[in-house]
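Here's what Swiss-Prot has on this protein:
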BINDING   Gly10, Ser11, Gly12, Asn13, Trp14, Gly15, Ala153, Arg269, Lys296, Gln298  NAD(+) binding site
BINDING   Lys120, Arg269, Asn270  substrate binding site
MOD_RES   Ser154  phosphoserine
ACT_SITE  Lys204  active site, proton acceptor
MOD_RES   Lys289  N6-succinyllysine
MOD_RES   Tyr326  phosphotyrosine
Amino acid sequence: MAGKKVCIVGSGNWGSAIAKIVGSNASQLAHFDPRVTMWVFEEDIGGRKLTEIINTQHENVKYLPGHKLPPNVVAVPDVVQAATGADILVFVVPHQFIGKICDQLKGHLKANTIGISLIKGIDEGPNGLKLISEVIGESLGIPMSVLMGANIASEVAEEKFCETTIGCKDPAQGQLLKELMQTPNFRITVVQEVDTVEICGALKNIVAVGAGFCDGLGFGDNTKAAVIRLGLMEMIAFAKLFCSGSVSSATFLESCGVADLITTCYGGRNRKVAEAFARTGKSIEQLEKEMLNGQKLQGPQTARELHSILQHKGLVDKFPLFTAVYKVCYEGQPVGEFICCLQNHPEHM
């Protein structure tokens, strides 16, 4: 029987780190096709195409420099061509681009394709919250799983030990995806609460912006710990309000929950840029250009989408930390007033 074909949709920092793992595993495991395609948004790097550089030097020199990709990972600049014939699609692009990509892929996938989203973010639907995996699943008519965890891309690429969580409703699919992605240093737990796993991945970026504000304002470790805890409480409260399936507190103790929250609040780009925002007074857009090579920050954008949903439901007051991050990023509230928003938190009433 032919091995299952895998396509990675996306090739940024995290997409390239995952390509390293998937490419290596696919080349060694009999039930996967060794050739892994990776859709690359074509860019010009010093007069050469990025796809050409990846396919000859086996390195994403722009988004994951210094790390060799397996030679069986093939960069393809056309997303439809990359996904043609794929049995498994791994989605790992900034969440604001997913709608357009799904529109391009519609009608071009083979029957029985499955997808897994590594995208941290949420979307607004007509009835409020829309998870990215739902957007993809409904658009393409494929079953979707998610992978979220304490996974800073550069550390995963360096093969430093970490854990992650796959949310998958179908145990057989969950096992297949685990085989494709697990390594001795990238350990995977599979749970069935897909919605909760994905909500964790999106909301922790908002909390990390708050943690970055604390660092930029020099508030110290106790304050930052309080921000992280209050953020976790808001994440759980939000999940219980908005997830259609069951929400157990145990899922928040998996890598996708508390572990991802901790690593993002101490090491991630949302924290780093938010700290610079509090220190320098420069805009988020300017700091993205200066610090992230033009890549987009997920935290502020997710805060904006969330705020719109909470407003719609009349629940803004129940989520003061999420609301404070939104107001500082988009409504010109002074960052120095961030802590005032937490002094009357519902948790303390």
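Glycine is treated like the rest: Cβ placed from N, Cα and C.
Gly12 (NAD(+) binding site) carries neither a helix nor a strand DSSP state and counts as coil. Highest Cβ count within 10 Å among the recorded positions Lys120, Lys204, Arg269, Lys289, Lys296: Lys204. Annotated pair Lys204 (active site, proton acceptor) and Gly10 (NAD(+) binding site), C-alpha to C-alpha distance, rounded: 22 Å. Secondary structure from DSSP puts Lys296 (NAD(+) binding site) in coil. If you take the CA of Trp14 (NAD(+) binding site) and look 10 A around it, the recorded positions you hit from Lys120, Ser154, Asn270, Lys289, Tyr326 are Ser154. Under 8 Å, Cβ to Cβ, and six or more positions away along its own chain, the residue listed as 'phosphoserine' finds Asn13, Ala17, Leu64. Lys296 (NAD(+) binding site) and Arg269 (substrate binding site) are 10 Å apart (CA-CA, integer value). Each of the binding-site residues Gly10, Gly12 was scored by the other Cβ atoms within 10 Å of its Cβ; the lowest score goes to Gly12. Within the same chain, residues at least six positions away from Asn270 (substrate binding site) with a Cβ under 8 Å of its Cβ are Asn205, Ala208, Val209, Gly212, Thr264, Leu297, Gln298, Gly299.
Every protein chain considered, the tally of other Cβ atoms within 10 Å of the Cβ of Tyr326 (phosphotyrosine) stands at 25.
Taking the Cα atom of each, Gly12 (NAD(+) binding site) and Lys120 (substrate binding site) are about 14 angstrom apart.
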